[in-house]
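A short write-up of the structure that comes next.
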Amino acid sequence: MLREVDPEIATLIQAEERRQASKLRMIASENDVSSAVLEATGSVLTNKYSEGYPGKRYYEGQQVIDQVEQLAIDRAKALFGVDHANVQPLSGAPANLAVYLAFLQPGDTVMGMSLPMGGHLTHGWSVSATGKWFNAVQYEVRKDTGVVDMDEVRALAQAERPKVIFCGGTAIPRTIDFPAFAEIAGEVGAILVADIAHIAGLVAGGAHPSPVGHAPVITTTTHKTLRGPRGAMILCDAEHAKAIDRAVFPGLQGGPHDHTTAAIAVALHEASQPEFREYAHMIVKNAQALAEALLERGFDLVSGGTDNHLVLIDLTSKLIGGKPAARALDRAGIELNYNAVPFDTRKPFDPSGIRLGTPGVTTRGLKPEQMPLIANWMDRAIAAHDNDQALDRIAAEVQELLGTL
Ligand code: PLP
């Protein structure tokens, strides 16, 4: 037993379990996995090496592992309706790197949304290998709407002729227009890659339009709205299957994490149940109820609201930076992250915004009726951000709500 072998780590894990249970966990990229996913993640599959793919391995003893990985692949293909699935990327960033390796040479032009506008580091941001080793051009959102302007995307694509265009990101509160991106990619002969890491669960549950049929390559993490273990997948059309598989292994990785593959298979099974559709739609209903309640309390939301699971708040009008606000909210029992907002004038380590999402609290069982409570606590906590006693009183109220679930 862990407690006997390593009481220090056992105690820390228990402390983290308590911490998670005592918070409204609203980091938009996090979730609570089921005990079935957790069990698969902690299984003996972690003992195995299985470089290669089902039926073509470099190590013996794959009788069981091949079945596990094949199940994960088949479930991913069925759930998303794609020709091919690679379930081996170790996480979202390596999955995106595999896409570069599959389709680009160093120095080639790639286009993605810039990080401070809501894109991801791996879509060509300057500090990432993708921005250093490739000629990355970046599109933004419009200043007046906070939303991507497809005419600007088209103009940039036509001027720069990228080989690959990424759509999707980490802080995009609005629906991604996959058909419009596909049209632009078609016009300039680029491969469109939809990174649906944040919204995969919404896509699977029918609460966000699917990129399938528009983007020939789709990358996703498995641990956000999809509610699986930490991992990733690349889904693609048959014509790209070989290039993607070769890029993941042997191009970029060694042995896959078979325990994670099993847990991904479990999560995909769970996501194909009717209850998951309800869950996905409830995530969006909760986010929209939260957005409405925040707007009523004078919060300034990037793009004016949300179509999905996340809300991005510009705190400039509340006269507080994102970092002190996030710290105060954490003490008040509401866990989220500070975040840059489009055209931020502050530094990345203390930007103007906070980002929060509803996947975790929806898993916990919260409903739209409870979202005004959260907005009210947020308003009070931000107003009292330097008053620990006031923040602790809010944390006690949060506890009371969590105790009723
Ligand atoms: N792509 C997007 C859109 C993301 O939001 C993230 C993570 O936040 C990633 C890729 C990278 O995933 P990971 O942190 O698992 O490497």
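Backbone N, Cα and C atoms are what each Cβ position is placed from, and that goes for glycine too.
Unlike curated entries, TrEMBL annotations are predicted automatically.
Per TrEMBL, these features apply:
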type: BINDING; residues: L115, G119, H120, L121; note: (6S)-5,6,7,8-tetrahydrofolate binding site
type: DOMAIN; residues: 2-378; note: domain 'Serine hydroxymethyltransferase-like'
type: MOD_RES; residues: K224; note: N6-(pyridoxal phosphate)lysine
type: SITE; residues: H223; note: site 'Plays an important role in substrate specificity'
Cα-Cα distance linking the residue listed as 'N6-(pyridoxal phosphate)lysine' and G119 ((6S)-5,6,7,8-tetrahydrofolate binding site), given in Å to the nearest integer: 16
Per-region confidence, the domain 'Serine hydroxymethyltransferase-like' (2-378) (mean pLDDT, whole number): 98
Number of Cβ atoms other than its own within 10 Å, given for H120 ((6S)-5,6,7,8-tetrahydrofolate binding site): 26
Listed recorded positions adjacent to ligand 1, that is, members of L115, G119, H120, L121, H223, K224 whose C-beta is under 6 A away: H120
Which same-chain residues, if any, lie at least 6 apart from K224 (N6-(pyridoxal phosphate)lysine) yet have Cβ under 8 Å of it: A28, S29, E30, N31, A197, H198, A200, G201, P359
CB contacts for H223 (site 'Plays an important role in substrate specificity') [other CB atoms within 10 A, all chains]: 25
Chain-mates of L115, G119, H120, L121 with C-beta within 8 Å of site centroid, (6S)-5,6,7,8-tetrahydrofolate: G112, M113, S114, G118, T122, H123, G124, W125, S128, G169, T170
Alpha-carbon distance [H223 (site 'Plays an important role in substrate specificity'); L121 ((6S)-5,6,7,8-tetrahydrofolate binding site)] in Å: 18
Residues satisfying Cβ distance under 8 Å from L115 ((6S)-5,6,7,8-tetrahydrofolate binding site), sequence separation of at least 6: L121, H123, W125, T170, A340
Alpha-carbon spacing, H223 (site 'Plays an important role in substrate specificity') to H120 ((6S)-5,6,7,8-tetrahydrofolate binding site), which is rounded to whole Å: 16
Other C-beta atoms that fall within 10 angstroms of the C-beta of L121 ((6S)-5,6,7,8-tetrahydrofolate binding site): 18
Local Cβ density at G119 ((6S)-5,6,7,8-tetrahydrofolate binding site) - other Cβ atoms counted within 10 Å: 26
